[in-house]
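Q: Take a look at this one; I'll ask things after.
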Amino acid sequence: MTVFSAIPPISCWFTGRTPASWDKTMDMQTSFLDRLFEEGLLIETGVDGLYGRSGQFEDVIAAFERLIDRTGGADGAEAIRFPPGINRAYFEKSGYMKSFPQLAGTVHSFCGCELDHVSLLKSMDEGGDWTKDQKATDIVLTPAACYPLYPTIAKRGALPAGGGLYDIQSYCFRHEPSKDPARQQLFRMREYVCMGTESDVTEFRQTWMDRGVEMMKAVGLDVTIDIANDPFFGRAGKMLANNQRDQNLKFELLIPVTSATNPTACMSFNYHQDAFGQKWGLNLENGDVAHTACVGFGLERIALALFAHHGLDVKKWPAKVVETLWG
């Protein structure tokens, strides 16, 4: 699982007072977002964190994905693409609601009769809550691109000799509306997921940490890599976050986008130990429980980092960056 958490969500117990640096960061985020709207790179929808993208914005993402392909293509990963929705039964089994209930998004639909429909329309006409009788469907919005992968691979039986390596990409949803253009509610995540022995997956993670730094260097972005934790919910979540950091299970590649003091996580490197192997029944060829790790690219965030550092006019980007992305 990859959960990007460069800018921690503000907990409900905070007071209304915020440090001056926070106010400055929020101003920078809003200013950058306004410029992106003015240039037409992002398209406002009236909902914070839900944006259309221009052809130019999409072209930058496509170019960076080709760089990902060139970097990892020789590894022989199996490419799988899932829709941005996951089987609700898989979602429930994943335990996501135990750790991140504040981020989840479920899909509800009208399932009533004609009289219920009349009541719904009346409620809409009167400005009432027409959603109260909507029922949950069997689909949940995908919270992380790799979530549908684990049950899918488990159904195949034991992993082949040498384990498994998978290339996945999906739109993901996180309910955290924000004026920060780098914290979107619907965004794309590209991942490589490794399943194998502990040494296999930790080596995989280190390889991609090294590759990530080189990739960002090639496109003119200054980065740092730091230990991190996922935004676990509640008081118990603080203990989980501390354990995650103490065991060095998560690292993030950070790039300043809207703030130099609070850089944005644009890549994430996660070691799950055998947690997903145990949960989903992922086994090695010899019957041992598989360990898993993943590397995630936040595609919109990387594109935003490029625009923030090199300018909103791609024609004026440094020649070396253009050559790296478009050849």
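For all residues, glycine too, the Cβ spot is worked out from N, Cα and C.
Under the heading Zn(2+) binding site, Swiss-Prot lists CYS146, GLU191, CYS294. Swiss-Prot lists ARG174, GLU176, ARG183, GLN184, LYS250, ALA265, CYS266, MET267, SER268, ARG301 with the feature ATP binding site, giving similarity to another entry as the kind of evidence. Annotation source Swiss-Prot lists L-alpha-amino acid binding site at GLU191, citing similarity to another entry.
How buried are these features, and what lies next to them?
A: Using a 10 Å Cβ-Cβ cutoff, CYS146 (Zn(2+) binding site) registers 26 neighbours.
Counting every protein chain shown, the number of other Cβ atoms lying within 10 Å of the Cβ of CYS266 (ATP binding site) is 28.
Under DSSP, GLU191 (Zn(2+) binding site) is assigned to a strand (E or B) in the three-state scheme.
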Q: Measure from the CA atom of SER268 (ATP binding site) to the CA atom of CYS146 (Zn(2+) binding site) and give the result in Å, rounded to a whole number.
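A: Spelling it out, the Cα of CYS146 (Zn(2+) binding site) and the Cα of SER268 (ATP binding site) are 13 Å apart.
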Q: If I take the alpha carbons of ARG174 (ATP binding site) and CYS294 (Zn(2+) binding site), what is the distance between them in whole Å?
A: 19
Q: Hey, what's the Cβ neighbour count for LYS250 (ATP binding site) at 10 Å?
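A: Result for LYS250 (ATP binding site): 24 neighbouring Cβ atoms inside 10 Å.
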Q: Test of understanding: give the count of other CB atoms lying within 10 angstroms of the CB of ARG183 (ATP binding site).
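A: By my count, 25.
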